[in-house]
Amino acid sequence: MPGIVVMGTQWGDEGKGKATDLMSERVDYCVRYSGGNNAGHTVVVGDEKFFMHLLPSGVLNPNSTAVLGNGVVLNLDVLADEIDALRGRGVDIPHPLISANAHLITPYHQTLDKVTERFLGSRRIGTTGRGIGPTYSDKINRMGIRVQDLFDESILRQKVEASLDQKNQILVKIYNRRAIDPGEVADGLLAHAERIRPYVVDVARVLNKGLDEGKVVLFEGAQAHHLDVDFGTYPYVTSSNPIAAGACTGSGVGPTRIDRIVGIAKAYTTRVGEGPFPTELCDDDGERLRSEGGEYGVTTKRPRRCGWFDALVVQQAVMINSVTDLFLTKLDVLTGWERIPVCVGYDIDGERTDIMPVTQSDLHHAKPVYEFLDGWSEDISTARSFDDLPRNCQAYVRRLEELVGTRVSGIGVGAGRDESVVINDLID
């Protein structure tokens, strides 16, 4: 049975939660492998909306075990609140399995994240202020605190004190902030130790054993390809590897265990925060997309920047991630447009290119070259097969397939769990 990666092909907020939830009924393990509570997933079940920041979307399926891999950075307060909130709404979820090697977000990581963004001013990255970047920085600098450290109080306190010896110097002398008490930080972390102890496991062994036994393992990426720290629009990126390859390093399974890679793409494009965005619309069309698409961040509540579908952006992600199937979301938002532009190339200082440029300088100068496709006016929210879609809508999907270089296997035609068109089975 397969290992399946679900990952975003644009700049996040593509609707990965919807696709994951759709597949989760047939999944044994649903794994988050990167990022932290800077991500936001929305799943609509009936009349209820569920917002999750840390737990994988598959947690709403009682037959699927949620897993937080070593590539995730954990805010234990957020994890506890999220679990309690879901249970408070009557969702009977087991506690997720947690990698002993996952790193912990502390209050000083969050403080550093916020004051650094303020200090940068107009040069800011546009982070969520959740402490994600500073936590990954400590991980790379070998100063991080891991989940397993919770179970050795002496080690934990030593690590917190050593880290704050340095960070308090920065906070006090550079940012003019008060020093953070290492004892308070350690006490706050240790308060979670006994609650999570039963769920801390060797995630790599659990997942590999499951795959050996024929279980279905779904790896749910946070953020998206173009926010990847290596392949994204650097420096306007996240601090981890949400690309498909990150599923291996962030959970402990080898690349040969991955059988299918499902890329998620909106039928148009959005972005939150700073960074280049060639097809961005700063006019009434952009406001219409934002309004009709409900484009406000789950985590930050910030209005998302909106623009037309950029085939070069998605094609790049399809290539680097070896995407086998594309799930196209929010196609219904485009209903009612007489003509729909699709970016098929860039004009960079008078030169035409049909692929994403190598340098960020060129991307910042890129002007979109559009192809115009006929729109449709029919309501598509009740479509459940590809043939149910209007002819022009079908033509739009087929043209996107040609441009990005992979097949569209699923389409979101509304916010609800059942408002989807499945063209090709995403698991078998």
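Cβ atoms are placed via backbone N, Cα and C, with glycine included.
DSSP assigns Asp13 (active site, proton acceptor) to coil, not to a helix or a strand. According to Swiss-Prot, the feature active site, proton acceptor maps to Asp13.
The active site, proton donor annotation in Swiss-Prot covers His41, and the record cites sequence analysis as its basis. Under DSSP, His41 (active site, proton donor) is assigned to a strand (E or B) in the three-state scheme.
Under the heading GTP binding site, Swiss-Prot lists 12-18, 40-42, Arg304, 330-332, 412-414, citing sequence analysis as support. Shown in sequence order, Ala267, Ile380, Cys393, Tyr396, Val397, Ile411, Gly412, Val413 are the residues of the chain, 6+ apart in sequence, with a C-beta less than 8 angstroms from the C-beta of Leu331 (GTP binding site). Mapped onto three states, the DSSP output places Leu331 (GTP binding site) in helix.
The Mg(2+) binding site annotation in Swiss-Prot covers Asp13, Gly40.
According to Swiss-Prot, the feature IMP binding site maps to Asp13, Glu14, Gly15, Lys16, Asn38, Ala39, Gly40, His41, Thr128, Arg142, Gln223, Thr238, Arg302.
The Cβ neighbour count for Lys301 (substrate binding site), using a 10 Å radius and every protein chain shown, is 8. In the three-state DSSP scheme, Lys301 (substrate binding site) falls into the coil class. Swiss-Prot lists Val298, Thr299, Thr300, Lys301, Arg302, Pro303, Arg304 with the feature substrate binding site, giving sequence analysis as the kind of evidence.
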From Gly40, His41, Thr42, Gln223: recorded positions whose CA lies within 10 A of Arg304 (substrate binding site): none
Neighbours of His41 (active site, proton donor) among the recorded positions Asp13, Gly15, Lys18, Thr128, Lys301, Arg302 (Cα to Cα, within 10 Å): Asp13, Gly15, Lys18
Neighbouring recorded positions, C-alpha within 10 angstroms of Arg302 (IMP binding site) - of Asp13, Gly15, Lys18, Gly40: none
Spatial neighbour of Lys18 (GTP binding site) that is closest, considering only the binding-site residues Asn38, Gly40, Thr128, Lys301 and their CA atoms: Gly40
Gly15 (GTP binding site) and Pro303 (substrate binding site), Cα-Cα, nearest whole angstrom: 16
Arg302 (IMP binding site) CB neighbourhood, other CB atoms within 10 A: 13
